[in-house]
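Asker: Sharing the features that TrEMBL gives for it:
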- B:32-76: region 'Disordered' (REGION)
- B:55-73: compositional bias 'Basic and acidic residues' (COMPBIAS)
- B:116-138: transmembrane segment (TRANSMEM)
- B:185-207: transmembrane segment (TRANSMEM)
- B:228-250: transmembrane segment (TRANSMEM)
- B:262-283: transmembrane segment (TRANSMEM)
- B:354-378: transmembrane segment (TRANSMEM)
- B:402-421: transmembrane segment (TRANSMEM)
- B:433-453: transmembrane segment (TRANSMEM)
- B:503-618: domain 'TMC' (DOMAIN)
- B:573-591: transmembrane segment (TRANSMEM)
- B:623-644: transmembrane segment (TRANSMEM)
- B:683-704: transmembrane segment (TRANSMEM)
Amino acid sequence: MVSPAIALAFLPLLLTMIIRYRYYFVLLYRAVLIRWVRDCLTGLSREERAFQYILTHATPGDAQSILDTFDHWCSKVEFISHIGPKKGKILDRLLQEHCPITVLELGTHCGYSTVRIARSLPIGARIYSVEMDERNAQVAEKIIRLAGFDEDMVELIVRPSDEVIPRLREDFGVERLDLVFMDHWKRCYLPDLQLLEGSGLLGEGSIILADNVIFPGAPNFLRHARRSGLYEVRVHRATLEYIRGIRDGMAELTFLGIK
Amino acid sequence: MNSAFTTWKWRKTLREVRRSRQQLQRREQLRWTLKEQRRNMRNATKQQGKRVRNMKKESESKSESDSAPESKDNQAVGVLGSLTPEELEKLKEAVDERKKLIATMRGKPWPMKKKLVVLSCVLSQGVTGVFIISFLYYSNCQKWMKFQRDFENFKTACIPWEMKIKEIESHFGSSVASYFIFLRWMYGINMILFGLTFGLVMVPEALMGKPYGSIPRKTVPREEEASAMNFAILWDFGGYAKYSVLFYGYYNSQRAIGWLKFRLPLSYFLVGVGTVAYSYMVVIRTMARNANEEGGGDDTSFNFSWKTFTSWDYLIGNPETADNKFASITTSFKEAIVEEQESRKDDNIHLTRFLRVLANFLVLCCLAGSGYLIYFVVRRSQKFALLGLENYGWWERNEVNMVMSLLGMFCPMLFDVISTLENYHPRVALQWQLGRIFALFLGNLYTFIIALMDAIQLKRAEEEIVKKNMTIWQANLYNGTVPDNSTAPPITVHPADIPRGPCWETMVGQEFVRLIISDTMTTYITLLIGDFLRAVLVRFLNNCWCWDLEYGFPSYSEFDVSGNVLGLIFNQGMIWMGAFYAPCLPALNLLRLHVSMYLQCWAVMCCNVPQERVFKASGSNNFYMAMLLVILFLSTLPAIYTIVSIPPSFDCGPFSGKTRMFDVIQETLESDFPAWFGKMFSYASNPGLVLPFLLLLVLAIYYLQSTSKTYKRVNMELKKKLQTVSWEVQMYVQMSPTVND
C-alpha cells in the first residue's frame with residue numbers, strides 16, 4: 001500500500017535528526033543505557049560504584065586528587081550529573097571573590113560539589129549540605145570524610161529540602177546564608193527559592209547559584225528571578241559537564257534586599 | 001535573555017492592539033494641538049501685519065486730515081518713542097543688515113525675478129513677518145517648499161508595508177527583511193503583469209467577445225452540465241471555471257471583435273511576449289542598479305566607535321519606536337561583530353578545503369539519490385496511467401506529488417546540517433544553501449515538464465481521433481433530412497451537444513493553476529503547523545515539561561530565508577511558464593503574494609526567534625536577482641517551445657485553425673499594415689541581416705565588459721592612493737609637534 005518510495009523520502013529527515021542531535025544520543029547512551037547495564041551486572045548503585053573507584057584510585061585527604069579521580073571516572077567510565085570541571089572553575093572563582101562564611105547546598109548527591117566548595121572556604125566557615133536520598137547521603141558522607149573535612153566544616157542533613165529550610169534557623173542556629181548552591185531536582189528550584197525568601201535567611205549580597213538552568217532547564221525559576229526584582233541575575237554559559245556539544249548554564253542570583 | 005525576549009514578543013500581539021489604539025489617540029491630540037499652535041501663530045502674524053497696516057493707515061489718514069507734515073513725523077516719533085533704547089538698537093541693526101543684503105543682491109548678474117525670490121527666501125527664515133519686502137514672492141516660495149516636503153512625505157508613505165518591514169528588520173536583521181523586500185518587489189512586477197493580462201486580454205473578451213453559450217468552445221458540454229456547479233469540480237478548475245475567460249480555450253479566434261475592432265488573437269500573442277520581455281527588462285535593470293550601489297566598498301575605520309556614539313536617535317518620543325530602535329541597534333552590533341570575526345579568522349587551510357570538498361560530495365550524493373527517486377516514481381506513475389488510474393488507491397495516484405513535496409521539505413534540512421562542516425561566513429553559506437536547494441527544485445521542475453509533455457502528446461492523439469469522428473457525426477446529422485442543397489434550412493444544434501476536441505492548452509493551464517494552488521496551500525499549512533502550532537506547544541507545555549522547551553529541543557523556529565526565497569522564485573517561474581495558457585495566473589499570484597505578505601509578517605513577529613548569527617544581507621540582493629534571471633530563462637523555454645513547435649487545437653483558443661500560433665503576426669502584417677511595411681519586415685528578418693547584427697551585439701557586449709573592468713580597476717587604484725595620502729598627512733601631523741620642539 002505505502003510504497004517504498006515514500007518511505008525512502010523520509011530518509012533525509014532521519015539523517016538530519018541523527019546528525020543534529022548526535023550529542024543528545026551520546027548522552028542518552030552514557031547516562032541511561034550504560035547505567036542500566038551496569039546496574040543489572042553489578043547490583044550496586046551508580047554512586048556506590050563511584051565510591052569504590054575513588055577509594056581505590058584517589059589519595060585520601062587530598063581534595064584535589066579526589067576531584068580529579070571523580071572527573072576521570074565520569075568522563076571515561078560512567079556519567080554522573082554534578083557540576084563538572086568547567087563549571088566548577090566558575091564556582092571556585094565566585095568563592096574566591098566572595099569568601100562566604102555560611103553556605104547552604106541543596107542536593108549533595110555524591111559530595112563532589114561539597115568537596116569543591118569546602119576546599120575553597122576559609123577556616124571557620126560552614127557548609128550545610130541537604131540530601132534527600134538515604135543511600136546517596138551515606139556515599140556522600142564517606143567521600144567527604146575521605147577528603148578530610150570534619151564535622152565542623154561540613155554538616156550533612158538527610159531530609160527533603162522543603163522541610164529543612166524553614167527549620168534552619170531553629171535547628172542549626174543559622175542567621176544568614178552567604179551562598180546557596182542549588183543542584184537538586186530542577187522542579188524544586190522555584191519552591192525552594194520562595195521558601196528561602198520567606199524564611200528571611202537571605203541578606204543583601206547573598207548569592208544563589210543554580211546549576212543546569214538551561215539543560216534540563218528551570219524556566220519558571222529563571223522567569224521568577226528576573227521578574228521579581230529582588231535579584232540581579234547573571235547566567236554563565238558553558239557546556240554540560242563531561243559532554244561537549246550540549247549547551248548549559250549556571251544562574252548566579254545576587255539578592256538585592258527587600259526595600 | 002532569549003526567553004524573556006520571546007515571551008515579551010508573544011504578548012506583543014495583544015499589547016500592540018491596545019498600544020496602537022492609544023497611539024492613534026495621542027497622535028490625533030498632538031496633531032490638533034500642533035494645528036492650534038500653527039493657527040495661533042498665523043493669527044498672531046496676521047494681527048501683527050494688521051496692526052502695522054492699521055498704524056500706517058492711521059498715520060496716513062491722520063496725515064490727510066492733518067495736513068501738516070510734522071504730524072507724520074509726530075506719528076512716527078510716537079511709534080518709535082514707545083520702544084525702549086535696546087529695541088531701537090536692534091531695529092537699527094536689522095535695518096543695516098537688510099540694507100547690506102539688498103546691496104549684495106543688486107551686485108549679482110541675475111534677472112530681477114530671481115533676485116526677488118532669493119531675497120524673500122533668505123529673509124523669510126529669520127523674521128516672523130514684519131520686515132517683508134515682497135509678500136507675494138515670499139508666500140509662493142514658502143508654499144512651494146512646503147509642497148515639495150509634503151510630496152516627499154507622501155511618496156514615502158505610499159510605499160506599501162514600509163513600517164512592517166522596518167519593524168521586522170529591527171528585530172530580525174537585514175537578511176530576513178531582504179526576503180520581505182524581495183516579496184514586495186515581486187508584488188510590483190505581478191501588478192504590472194496582471195494589468196497587462198487583465199486589461200488587454202480578459203476584459204476585451206469578456207466585454208466585446210461573444211457571450212457564454214453562443215459557440216461550442218464557450219459552453220459546458222452536455223455530459224458535464226449536471227456536475228458543472230459542484231464545489232469539488234470548481235475547486236479543481238473544471239466545470240464553469242474551465243469554460244470562462246480564465247483559460248485559453250474560451251477565447252474566440254475571430255480576427256477583430258467589437259466596435260473597436262480589437263484584434264484579440266494579436267493582443268493575446270503580444271501580451272504573452274510582452275510579459276516575458278518586461279520581466280527580463282525589469283530583472284536586468286534591477287541587477288544593474290544593485291551592482292551600481294555595491295560598487296563603492298566600505299573602508300571605514302573606527303567602525304564600532306561610530307556605531308557606539310552615533311546610533312541613537314534623540315527625536316524618538318514613542319516607547320514602541322524606542323524598543324524597536326533598541327532592538328535594531330543591538331542587531332546591527334551583532335552583524336558588525338560577525339563581519340569582524342569573519343575577517344579575522346585564522347584557519348587551517350587544508351583541513352577546511354578537505355571538509356568543504358567532503359560536504360559538496362555528500363550533497364551531490366543526496367541530490368543524485370533524490371533525482372533517482374523522483375525518476376523512479378515518475379516511471380511508476382506512467383505505468384499506472386497506462387493501466388488506468390481508477391484501479392489504484394489515493395496513495396498511488398498522488399505518489400509523485402507526495403514524494404516531491406517530502407523531498408522538498410527534508411532535503412534542505414539535510415543540506416543545512418551538512419553545511420556546518422564547511423564553516424563559511426553566514427552570507428556565503430546562505431548562498432551555497434540557495435544554490436543546492438535550487439538544484440533540488442530543478443529536479444521537480446524537470447519531472448513536471450516531462451509529465452506535461454507526455455500529457456500534451458496524449459491529448460493531441462485524442463484530438464486526431466475526435467477530428468475524424470467529427471466528419472462522421474456531421475454526416476449523421478444531415479442524414480435524416482432531404483439532401484437538397486439550396487432549400488434545406490441549416491440544422492441548428494445547441495452548442496453544448498457539438499462534440500469538441502480535448503483542448504490541450506486549457507489542460508496545460510489547468511495543471512499550472514492546480515500546481516500553484518496546491519503549492520500555496522502546502523506553504524500556508526506548513527507555516528501554521530510548523531511555526532505557529534510549534535510555538536503554541538512550546539509556550540504552553542513548557543510549564544509542565546521536564547526540560548526547558550524554549551532553549552532545548554523544539555524551541556521556537558527560525559525564519560528560513562533560503563527556503564522561502566526559493567519558493568518565491570520558483571513560484572514566479574511557474575507563473576511565467578503558464579501565463580500564456582491561463583491568463584488568470586497573474587491575478588491568482590497577485591492575490592497569493594498579498595496574503596503571503598500579511599501572513600508571513602505576522603508569523604515572523606509572532607512565532608519566530610532571530611537567528612543566532614545575524615549578518616548583513618546587502619550582498620545577497622544581486623544573488624536573488626541572478627537566480628530569478630536563470631529561472632526566467634528556464635521557464636520561458638518550454639513555453640516558447642510549445643508555441644513554436646506544437647500546432648494549436650483546431651476548435652479552441654484564439655489561434656484555432658492556424659498551423660502555428662505565431663502565424664497571427666504574419667496575418668496582421670498582411671492585412672493590417674501597408675504592403676511596403678510587410679516587405680521591409682521580411683527584408684529585416686532575413687538571416688543574412690540578422691546574423692551580422694547578432695555578431696555586432698556580441699562584440700558590443702565584450703567591449704562594454706572590458707571597459708567596465710578597467711573603470712573598476714582605476715577606481716580601486718584611486719581609492720588606494722587616497723588612503724596613502726591621508727595616512728601620510730596623519731603621520732606628518734603627528735610628527736610636526738616634535739619638529740617644532
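Numbers run from 1 along the shown chain.
Backbone N, Cα and C atoms are what each Cβ position is placed from, and that goes for glycine too.
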Asker: Report, as numbers and ranges, which residues of the same chain sit near the transmembrane segment (B:354-378): CB under 8 Å and 6 or more residues beyond its ends.
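Answerer: That would be 399-400, 403-404, 407, 411, 414-415, 418-419, 421-423, 436, 439-440, 443-444, 447, 450-451.
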Asker: Determine how many residues of the domain 'TMC' (B:503-618) DSSP places in helix, in strand and in coil.
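Answerer: Breakdown, helix to coil: 82 helix, 2 strand, 32 coil.
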Asker: Taking the transmembrane segment (B:402-421) as the reference, which of B:228-250, B:433-453, B:623-644, B:683-704 gives the largest number of Cβ pairs under 8 angstroms?
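Answerer: Result: B:433-453.
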Asker: If you count Cβ pairs under 8 Å, which stretch among B:228-250, B:262-283, B:623-644 touches the transmembrane segment (B:185-207) the most?
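Answerer: Highest pair count goes to B:262-283.
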Asker: Is the transmembrane segment (B:433-453) packed against any residues at least 6 beyond its ends, judged by a Cβ distance under 8 Å, and which are they?
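Answerer: Result: 363, 367, 370-371, 374-375, 378, 381, 400, 404, 407-408, 411-412, 415-416, 419, 508, 511, 515, 562-563, 565-566, 570, 573, 623, 627, 634-635, 638.
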Asker: So are the transmembrane segment (B:623-644) and the transmembrane segment (B:262-283) touching or not, going by 3+ C-beta pairs under 8 A with a sequence gap of 6 or more?
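Answerer: They do touch: at least three Cβ pairs between the two stretches lie under 8 Å.
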Asker: Below 8 angstroms Cβ to Cβ, which residues of this chain, lying six or more residues outside the transmembrane segment (B:262-283), approach it?
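Answerer: That would be 189, 192-193, 196-197, 200-201, 204-205, 208-209, 251-256, 576, 579-580, 586, 625, 628-629, 632, 636, 639, 643, 654-655, 661-662, 664-665, 668, 672.
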